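Read through the structure below, which is laid out as structure tokens, and then see the notes.
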Amino acid sequence: MKQKQKLNLPNWLTLIRLLLVPVVVMLVISNICYWDKSYIIGTCASTFHITLTMLLAGIVFIVASFTDFLDGYLARKNNQVTEFGKFFDPIADKLLVNATLILFASSISIIPVWVTLVLILRDIFVDFIRMILSSKNITLSAGIFGKLKTVFQMIGLSILFFFSSFTLDIEVWQEQLILIPMYIAVAFSLYSGLDYFLKARKNLF
């Protein structure tokens with residue numbers, strides 16, 4: 001009888017990231033519902049103003065994002081790569097990032113809708129290719145540009161929790177400057193998606 005594999009530290013970090021996703025979502029939704037009642041810094045008329053819930057949501061998001069780097073680093077360093085990690089690590093990443101993207105684009109409108117659509121549709125496209133390859137017992141790892149896309153997504157979203165049109169009284173051009181990491185993420189997203197398809201195409205048809 002095969003012994004069940006215990007969760008190691010990288011697995012626990014992945015699990016923690018999964019559990020932090022609904023926390024971020026609930027805090028942002030709470031911020032939307034009570035945005036005019038819970039300012040911890042400034043007031044609605046101040047140049048900079050942030051609510052307690054948005055501050056907490058940003059901190060939780062940053063902690064969750066850091067676990068993404070840490071679990072992968074520890075798994076490789078200590079040779080603790082597991083099937084659990086391979087399966088749940090990308091799921092945790094996508095849930096964390098995509099849930100935040102959707103909230104920021106739909107409810108708070110601090111990210112252009114087209115940015116969210118490009119990033120999410122690219123992930124769906126790549127996952128669809130992975131499913132086809134998996135059915136043929138073929139594994140194709142993500143390239144460096146896919147990893148850079150994730151890094152810039154997490155950096156960009158972390159910034160937007162604290163500095164955006166929702167917390168700052170800024171001009172349109174200043175808002176565009178703050179969105180630069182997200183635009184870089186879009187560029188890496190499109191390039192890495194195309195690169196992944198070109199590497200996989202000979203095994204798709």
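Glycine too: its Cβ is placed from the backbone N, Cα and C atoms.
According to TrEMBL, the transmembrane segment annotation covers 12-35, 47-67, 95-121, 142-166, 178-198.
Under the criterion of 3 or more C-beta pairs below 8 Å, with sequence separation of 6 or more, the transmembrane segment (142-166) and the transmembrane segment (12-35) do not qualify as touching, having fewer than 3 such pairs. Within the chain, the transmembrane segment (178-198) has long-range Cβ neighbours (under 8 A, six or more residues past its boundaries) at 111-112, 115, 118-119, 122, 125-126, 129, 140, 142-143, 145-146, 148-149, 152-153, 155-157, 159-160, 163-164, 170.
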